[in-house]
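*Asks:* Quick one: the structure is below, questions incoming.
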């Protein structure tokens with residue numbers, strides 16, 4: 001057999017996606033779905049396929065069955081590599097190999113390297129239905145084997161529930177009357193065995209149930225976080241952190257509802273029909289009393305549902321407001337303390353907390369009325385059953401044993417009904433939670449799988465804007481107004497202007513955090529609308545005025561854009577921005593764990609690590625948005641000294657308030673009220689005497705903008 005050049009999983013997967021008209025790259029597949037080509041496993045394949053709107057199914061099969069599969073599909077090789085099957089014939093299998101080469105292999109040789117694993121691909125069926133209770137039901141219905149096991153276990157448990165009343169009936173009506181000790185011993189032993197079987201089966205049912213519910217719970221939690229990460233930036237700008245956190249925390253109410261044995265309780269309720277049939281054989285009259293009580297339960301709970309649902313809606317609204325207030329005050333504690341208004345904030349918190357507690361109290365009382373009403377009906381049912389049953393015993397219509405058995409069966413019916421009353425609050429909370437979570441899960445993602453967005457291999461760095469306009473408010477003034485710029489590859493461009501001139505908005509447009517209302521943005525001739533936003537931002541290094549560092553090691557913070565980077569690459573980026581020396585002075589160097597938001601670093605140190613993070617992936621475009629405005633003189637001087645090296649080989653856009661930062665740029669663009677009012681070099685703008693010259697004069701304390709030389 002000739003030598004075959006097999007592929008890595010990302011290589012094979014990239015070819016499969018191109019067959020389905022999805023443009024991506026091996027690099028992006030590795031970066032987004034694994035820690036390296038060698039770690040790209042079945043889970044990575046299926047996650048990437050799901051994200052791109054493809055259904056990937058892995059299975060173990062045989063050579064006889066492989067011909068029935070829809071090609072092309074991937075096969076796993078015994079050495080861990082992959083190949084693509086293009087066609088299967090009786091005696092030969094045609095493969096797509098590394099580099100796109102085709103190779104035909106005899107079926108006898110095929111089994112020598114194939115390990116039996118196959119991944120098939122087909123377009124995912126797009127669901128028109130959003131998230132709701134139907135999603136939870138369908139998620140549970142996927143586990144059909146589990147449902148069958150639960151039903152079977154419940155059937156046996158209900159049969160055991162019939163044994164105990166019958167035992168007491170026999171003891172009272174037969175054994176006590178005839179003093180038959182041998183029969184009593186036999187029945188007692190039988191009841192002990194039944195009790196052990198009952199408890200063991202109930203424990204097994206709970207294990208199966210909770211194991212399944214935990215998987216559904218984890219799946220939903222993962223779905224919510226993945227959805228949050230896929231939402232556009234505009235979603236987070238329109239919704240406060242408190243509102244988003246409140247919606248995410250609704251997972252707890254859904255989890256509580258799922259874990260309250262709700263499903264098993266519903267199954268038990270369904271089996272009450274069997275119990276009612278048995279009870280009817282004992283006494284039709286008493287059975288009608290029990291049925292009437294169940295109807296009263298339903299009527300009582302139905303009356304309470306609207307009021308309780310409205311109350312839960314109020315609780316969510318006030319809870320979201322409380323969360324927003326708390327997050328805002330904790331994150332801004334330095335400002336609050338510097339103003340000395342801690343007491344004022346505490347009083348405001350007491351006011352909104354009191355309002356929230358009052359609404360919660362009303363909800364508890366609505367719940368209490370419902371539960372106590374159910375308890376009252378239960379007690380009255382017991383009284384009526386005993387009264388009517390006693391009359392039937394005295395008239396010879398029932399035996400004492402039958403009355404005791406009927407009373408026990410009544411308890412078996414009432415228990416799930418009373419449990420339903422107690423779970424009623426959990427059910428209503430789950431209803432509200434589903435609605436709130438749907439506001440996240442049904443929101444439009446930044447990019448849809450069927451858009452087939454382009455992910456070129458590398459961003460070269462030419463940027464063109466043609467008549468770009470944008471407004472944050474639909475009917476509001478334009479933040480950007482017909483902006484047209486061409487920035488050539490490798491050019492260093494400064495963007496200056498007064499506050500509110502549209503500089504930072506321009507950065508967000510270039511980063512595809514927002515889409516233009518009109519006009520076009522091009523990268524290397526490709527319209528930004530056709531470029532994958534995640535890929536684009538991975539190609540662009542962005543440093544903001546206030547960057548967030550995470551509570552992980554210094555190395556992980558710098559290499560966050562590409563965790564596969566080596567320590568040597570991280571150190572090289574840190575040296576480039578003058579961060580290496582102070583990092584090495586930290587207790588564990590690059591393995592030092594930072595506090596939340598980099599609290600154990602100075603502002604200058606945080607900013608230099610942020611700049612290193614932007615540079616470590618060697619981006620084709622670097623955007624510095626007021627990146628040095630908050631630095632001390634020494635830190636800024638270190639960055640400015642290295643600016644030429646930082647800018648080398650890439651397109652650089654410097655958004656600056658301090659004009660000295662952009663003085664040496666190839667070109668300076670001046671913005672005012674969302675428009676470009678002038679552009680040119682420092683010398684050219686000084687000569688023109690326009691807006692740039694005026695800004696320079698203001699910053700220089702009245703000195704004129706002088707031209708060098």
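The backbone N, Cα and C atoms fix where each Cβ goes, glycine too.
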*Asks:* If you check TrEMBL, which stretch out of 100-120, 121-141, 184-204, 205-225 is marked transmembrane segment?
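*Replies:* That would be 184-204, the stretch labelled transmembrane segment in TrEMBL.
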*Asks:* List the helix, strand and coil residue totals of the domain 'Peptidase C39' (11-121) as derived from DSSP.
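*Replies:* Its residues divide into 44 helix, 37 strand, 30 coil.
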*Asks:* With the transmembrane segment (376-394) as the reference, which stretch in 150-172, 263-282, 288-309 has the largest tally of C-beta pairs below 8 Å?
*Replies:* 288-309
*Asks:* Restricting attention to the domain 'ABC transporter' (463-698), give the mean pLDDT.
*Replies:* 85
